[in-house]
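Input: a single structure, listed below in structure tokens.
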Amino acid sequence: MEMEANDHFNFTGLPPAPAASGLKPSPSSGEGLYTNGSPMNFPQQGKSLNGDVNVNGLSTVSHTTTSGILNSAPHSSSTSHLHHPNVAYDCLWNYSQYPSANPGNNLKDPPLLSQFPGGQYPLNGILGGNRQPSSPSHNTNLRAGSQEFWANGTQSPMGLNFDSQELYDSFPDQNFEVMPNGPPSFFTSPQTSPMLGSSIQTFAPSQDVSSDIHPDEAAEKELTSVVAENGTGLVGSLELEEEQPELKMCGYNGSVSSVESLHQEVSVLVPDPTVSCLDDPSHLPDQLEDTPILSEDSLEPFDSLAAEPVSGSLYGIDDAELMGAEDKLPLEGNPVISALDCPALSNANAFSLLADDSQTSASIFVSPTSPPVLGESVLQDNSFGLNSCSDSEQEEIETQSSNFQRPLTEPAPDQPPSTQLHPAVSPTASPAASLTASAEISPAVSPVASSPVPPEVFVAVSPASSPALPAISLEASMTTPVTSPQGSPEPSPAAAFQTVSPARKNVSSAPKARADREETTGGAVAVSGSGDVLKRRIATPEEVRLPLQHGWRREVRIKKGSHRWQGETWYYGPCGKRMKQFPEVIKYLSRNVVHSVRREHFSFSPRMPVGDFFEERDTPEGLQWVQLSAEEIPSRIQAITGKRGRPRNNEKAKNKEVPKVKRGRGRPPKIKMPELLNKTDNRLPKKLETQEILSEDDKAKMTKNKKKMRQKVQRGESQTPVQGQARNKRKQDTKSLKQKDTKKKLKAEKEKMKTKQEKLKEKVKREKKEKVKAKGKEGPRARPSCRADKTLATQKRLEEQQRQQAILEEMKKPTEGMCLSDHQPLPDFTRIPGLTLSSRAFSDCLTIVEFLHSFGKVLGFDLTKDVPSLGVLQEGLLCQGDSLDKVQDLLVRLLKAALHDPGLPPYCQSLKILGEKMSEIPLTRDNVSEILRCFLMAYRVEPPFCDSLRTQPFQAQPPQQKAAILAFLVHELNSSTIIINEIDKTLESVSSCRKNKWIVEGRLRRLKTALAKRTGRPEVMMEGAEDGLGRRRSSRIMEETSGIEEEEEEENTTAVHGRRGRKEGEIDVAASSIPELERHIEKLSKRQLFFRKKLLHSSQMLRAVSLGQDRYRRHYWVLPYLAGIFVEGSEGSTVTEDEIKQETESLMEVVTSTPSSARASVKRELTGSNASTSPARSRGRPRKPKPGSLQPQHLQSTIRECDSEQAQTQVHPEPQPQLQAPTQPHLQPSSGFLEPEGSPFSLGQSQHDLSQSAFLSWLSQTQSHNSLLSSSVLTPDSSPGKLDSAPSQSLEEPEPDEAQSCPGPQGPWFNFSAQIPCDAAPTPPPAVSEDQPTPSLQLLASSKPMNTPGAANPCSPVQLSSTHLPGGTPKRLSGDSEEMSQSPTGLGQPKRRGRPPSKFFKQVEQHYLTQLTAQPIPPEMCSGWWWIRDPETLDVLLKALHPRGIREKALHKHLSKHKDFLQEVCLQPLTDPIFEPNELPALEEGVMSWSPKEKTYETDLAVLQWVEELEQRVVLSDLQIRGWTCPTPDSTREDLTYCEHLPDSPEDIPWRGRGREGTVPQRQNNNPLDLAVMRLAVLEQNVERRYLREPLWAAHEVVVEKALLSTPNGAPDGTSTEISYEITPRVRVWRQTLERCRSAAQVCLCMGQLERSIAWEKSVNKVTCLVCRKGDNDEFLLLCDGCDRGCHIYCHRPKMEAVPEGDWFCAVCLSQQVEEEYTQRPGFPKRGQKRKSSFPLTFPEGDSRRRMLSRSRDSPAVPRYPEDGLSPPKRRRHSMRSHHSDLTFCEIILMEMESHDAAWPFLEPVNPRLVSGYRRVIKNPMDFSTMRERLLRGGYTSSEEFAADALLVFDNCQTFNEDDSEVGKAGHVMRRFFESRWEEFYQGKQANL
């Protein structure tokens, strides 16, 4: 029979279960284990259990998708009816088997089990023969059946038959071997290896022997094979051990095998020596003798190995559970076992190498011809995505995840066993299952005697959790003798039931027994969560060095974690691929043919001293990996290892908690305990255990309750609800009384202790006073005082130590730059030469210029012409030369673009000026100021900007304000759609460029790795300058993306270019020589540099880079289009000296007014909260602060209260303004940092000493990098008394992130501004006594030297001068440590040993106090702009920046990171004239002589000249009324002066609704603006009406009005004359607006609208003949009175002899008169009204009057209606006179509604383009402007029509808009307003509404 025959069970994994509770039953599990042809099916395990696992020493044969069957012989299927393929048993979980597939059982099939007909399962695609189907009468649920035991004589519904021939015939031609370097799969060897070898098989069973086997013998064979399959040892026999001693240790991975000696283990199955073939050593194959097994090391014999008990629990399965299936195997009689008849027992060379987490479920067998497999096989890991643990833990999991079984039984202590089984190793046994000891046959056993196993042995290991079987205690298996010394069996059926207890009574007996057994045997093995396992194999350094000899590279990266040092191991393959986990290594080995390197040669443990070690360190350039030297590696490994736990003491170990057993199928629910007793009694034990106050009465009560529960369970009694409630109530009352008594006792004790402590405090104080009075008296009374003094001294030392520790902590933290006293001076930067503007204005200029360079092309600017330079912009803002025009043109274009997009805000969309929308008004230099003012008002800009523009134009504004306005427009344009689209395009190009750069970098990295491998040089040396700082992230991303591309080459189509490049690089690496690789690297380096520059240019093009700030808070900028680095001063961040003094005085008053009693209470609370704090910790992290301990951020509460004037508020942990101590003299540099070994502050005593050591090392490191801290620490040789104090030479300003003081010569100055939080270690201040002087803040402000420990504060830059406590009382500090108060609250604290604080802390404290003081920033550093043009200056700046400065640290980082780019920027050529100081004096003179009134006067005078020019133009065009001439020019007068018309009210032209409100300014005759207004008004009135057009003169809007002119007083008749005139609404608005003009821009708007309304083309000078198209012969040219067309009299048909008199109309006008109706042209001029009559117009030559070219303009017109002499407008106006009063009121109401705040949606008609769907919903739209036009035209005949239109407006609003919308709300408001006003005016007309 071949060795594979025994493998007929298939397992697909175990269900995930916690290691502490064992395996739980899974609903997806398959059939039972010992079913004929039924495999065990388990769901997939989690992380390291991929696929199959070894259960009971069995491994699987086929893949997880196939199932194994046991192919039985034909006679076995017909001789016994017990073979039922559908009968299943649970062998592992102590529960019943799962229901069979028989439909007669009415049970569901397992969800994950696919059965074939007959209950068979295919193995590798082969389906076995059909079994005999089970009948419905065979019940498969053992829980419902009778109990079955071995040898009980009871007929079993299930039997077991076994035939060795079946096993021999199962797999006749299959043999599995390991591929040496191939992928993790298996192949069938062409040469079979049955038994020990294919050529040697000395005891193959014959056919006749197997056919004549007795049924009992068959059972014995099957049981023996089962034991062989479940056995845990390798094949071990006397012959094998004698011939090859090295076979006595066949451990997996080289680990020591667990061997039970003869006196420690008794086999439960005794083999039959008569059939044994292991006695003959000749059966050993030659190959086995020559082939080393598993390890080439010398193997020790079994006798020399220490006995280690092997766990029988597999992933939490204990021994009792493993034998459950054997108990469930019913046999007819006593089994007679001939175990050695099974041929597999002698298969000594079959070893399963299947790892625990292998995903392939077929076993691997080692052929004698296959090479040895060392350690952990490459085939171990096939699942790479399931391992989520860390690398160091993964290695342990992979080597420890296989558990080993215990021996099934253990011998009695005093009875040596006589036989011991030689368990055969099944070919399916995994390495974890093949590590049990090989036993020997005792000489006492007769070689011909068989030793059947008594049945009590099997009963003794029956699972206790099975309800059908009695629970057998494990003690029976430990004490019951198995065989007699003579080897004869002694069956004792009664002995098997001596320790049986019902399973329902104690369900957890088996786990308890398992825990006891593990406690007794677990001392010699490594214990894990899943059971007892052997010690894992750790790869040796020699093995780990092997890959390094074949081109691999191993790196260990060490960095400081949150609590300790952490290490991470990386492997780099020969191709440069980085691997951080075992799955990556295994995949790499499987994909690449790597000789001599396998999985066991790798170790990811960072404690393995192999490879290169790197440590992450903080350098001036940032965090960097620094390679460690060989001397540093052992200390780092020790730091990584850390504190290892003490080995487990099993003698004192507590018993494991019993895991909860999950209820199986069919089991009744667990009885709930609260149902047996009342809830109060049931909860009482838990509550008492929680309170930990179990008294004797409570224990007795708990015992009584348990007894009652047991009695109720037995009797099944139940109480009535009434009795239960009464009983519960009584118990509850008793319990509550007891709890109250307990609480009272505890409270009384606490009060007593508190009173005692207070009395003790008072006593100590009293005694101290008495001691001070009587110093010379000594006696018994002084002893308590001495004790208290010692206590206080201990407390003072503790507080001093904590304070000093906090000071050391703060000395390491970044702090405000102006608080540091050891600065190096910054280099002097060059100020911008031609800069005249202020700092803020120049900042806005930079913004404007950079914006125009970036987006000017998008906005339509010509970058070469339209974009001004900084010099031109500065001159224009200063109104110098022609630059002003360029700035005004820039303003016009920017404002025009802003009005277009983004436009006005939504609430200002209807804003109009002179009836025109702002976006439609043509912008010019003259009127842009008024449009700009309206735009700023719409965006709610500050009123000062808008008010200044009311009376003064833009060019008269100050330069800083003009620059701010232009910057505002730029910021608004940044939100426009066109700019956003441009930014998106740029970002897309940046992303594409970055992707290309990553691809090139990936190729370059691979080539460098290959070159480094070939040349032997490290890869770091080959990196050029482009691989320096700031590239870690891109490199990492590139590696990750390249790894993804390798795994998904076929699917990833977007990275084809990257894959092509990678393949080309690999080809070059494999086939190219070193020169070729260098050429490729050089080529790719150039491409990388190109992409980096392009990326940098693209990314910098759209933004200005802020590099950071220095100690003076100056900002460093890099601009895309300007050369150099710009440095901007911080203006406005300083506080005036008067404010500082005022704040300081108020602070002093608050502190000094604090009552002493409040301070005493604060002291007691402080010291009491710190009484339990230990003095120090010698190792580990510092303890966390207790809730009562003082936090540094609470130390400045008093200052915060004074600053915010909220002394009653609690302190929040957010950053608050903080106080600084006064300036201290700066100390001179000292010569050294470290003290000698014998110094008072030597290391090793406390946390104070460790902190001092850490501080000194940090200082040394900092000085070594920057040499900036030479004066940071003082040594005893350079104490404060020996050094000369000198004031600091670097003056700085306090940081807004921290509280600072600006010291003066006489006291501290304070600056309160926004702060950044300061984190520090907790440091309670020393207690202060009441009777001793406590200078508090006065001490800090005095001139006393602050070199004592009590004057320091651990939180920088926080001053330890006040402390916020729950009471809100400030805590004062003592000035001297010797003057501290003494308090007894430190009783019980351990006394600090060692020397008192050394001078070191006093010196550090003195240095720290100097850091608490922020120096003021020099005024010359606060304002202005500098620039850096020299790269050498940049280098000097880098060296001068302080590494502890909170700002300069970040600045140093950015300057170092972008140093190359910044040097290029500094070397760019200059293109702006502002950097050339040629015209600087002229500009400065212009700034000094700047006067807004002069600029405004110049603008007003220019407007007056433009009005005069317009008058001349009208007269020259002959468009004026006949007889009017231009007045004398006023612009040449010398008496003109400037007069500003300040607005009396906030009235505004476009905001107040057609200008009907506000006062009219009084005009003066010597003001140019007033003269321009008056002359322009006269010009409008004297322009001929027929030469006007829209927008001022619309023909359909013309109305005729009358006015009464009274005669002068001197006239004899006091009569008045009535005149009539024509006017339009727009003309009226224009006139009102002109009256209220206060600026030149407003006048220009009115003048521009009038100019656009004049029909210049109708001028007489431009009239041509309709026939000949010529304009000559003016004396013969007739002008039409209707359209001003002309015609020569000789060209007219019929021909005229002379010019006719009167009106003449051309043919075009005559044809239009006939077709049009009179109603369509209501406002036609009088002279044309004759054409509107019903009779035809004829002009007889004799009757009609003629006129010449110089016709009289004032000739009367022919009346249209001779009968009444009234025109239709006059009649309509006459008919409306009766309703004049009503309509007047309507006009008033309409005017009020238009000026209402909520009327903005109804002022103008709704634009259907903007509001889609409005016309579909609203059929009759109406608005206020339409109502006004109708009202002015006389369209309303009654007030009811007006009211109907008003209500129509509101009804339309309610119909179209939601009520809760803005427009809907406005509609409701306006409706209520209209109704209220209408009711007031029309009390009696409510019915008309």
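Every residue, even glycine, has its Cβ placed from backbone N, Cα and C.
Bear in mind that the values here come from a model prediction, so they are computed numbers and not experimental data.
Taken from Swiss-Prot, the feature compositional bias 'Polar residues' covers 479-489 (among others).
What Swiss-Prot records for 498-509 (among others) is compositional bias 'Polar residues'.
The annotation phosphothreonine is assigned in Swiss-Prot to THR499 (among others) on the grounds of similarity to another entry.
Feature annotation from Swiss-Prot assigns phosphothreonine to THR540 (among others); the stated evidence is similarity to another entry. DSSP assigns THR540 (phosphothreonine) to coil in the three-state reduction, placing it in neither a helix nor a strand.
What Swiss-Prot lists as DNA-binding region is 641-653 (among others).
If you look up Swiss-Prot, you'll see 661-670 (among others) marked as compositional bias 'Basic residues'.
The DNA-binding region feature in Swiss-Prot is assigned to 662-674 (among others).
As annotated by Swiss-Prot, N6-acetyllysine applies to LYS672 (among others).
Residues annotated as compositional bias 'Basic and acidic residues' in Swiss-Prot: 678-701 (among others).
Look at Swiss-Prot and you will find 702-713 (among others) tagged as compositional bias 'Basic residues'.
Annotated compositional bias 'Polar residues' per Swiss-Prot: 716-726 (among others), in sequence order.
Positions annotated as compositional bias 'Basic and acidic residues' by Swiss-Prot: 748-791 (among others).
The DSSP secondary structure for LYS790 (N6-acetyllysine) is helix. The N6-acetyllysine feature in Swiss-Prot is assigned to LYS790 (among others).
Taken from Swiss-Prot, the feature compositional bias 'Acidic residues' covers 1042-1052.
Model confidence over the DNA-binding region (1176-1188) is summarised by a mean pLDDT of 37. Annotation comment: Swiss-Prot describes 1176-1188 (among others) as DNA-binding region.
Marked as compositional bias 'Polar residues' by Swiss-Prot: 1190-1231 (among others).
In this structure, the CA atom of THR540 (phosphothreonine) is 57 Å away from the CA atom of LYS790 (N6-acetyllysine). Taking H, G and I as helix, E and B as strand and the rest as coil, DSSP gives the compositional bias 'Basic residues' (702-713) the counts 12 helix, 0 strand, 0 coil. Counted within 10 Å of its Cβ, the other Cβ atoms near THR540 (phosphothreonine) come to 15, all protein chains included. Of all Cβ atoms in the protein chains displayed, 14 besides its own lie within 10 Å of the Cβ of LYS790 (N6-acetyllysine).
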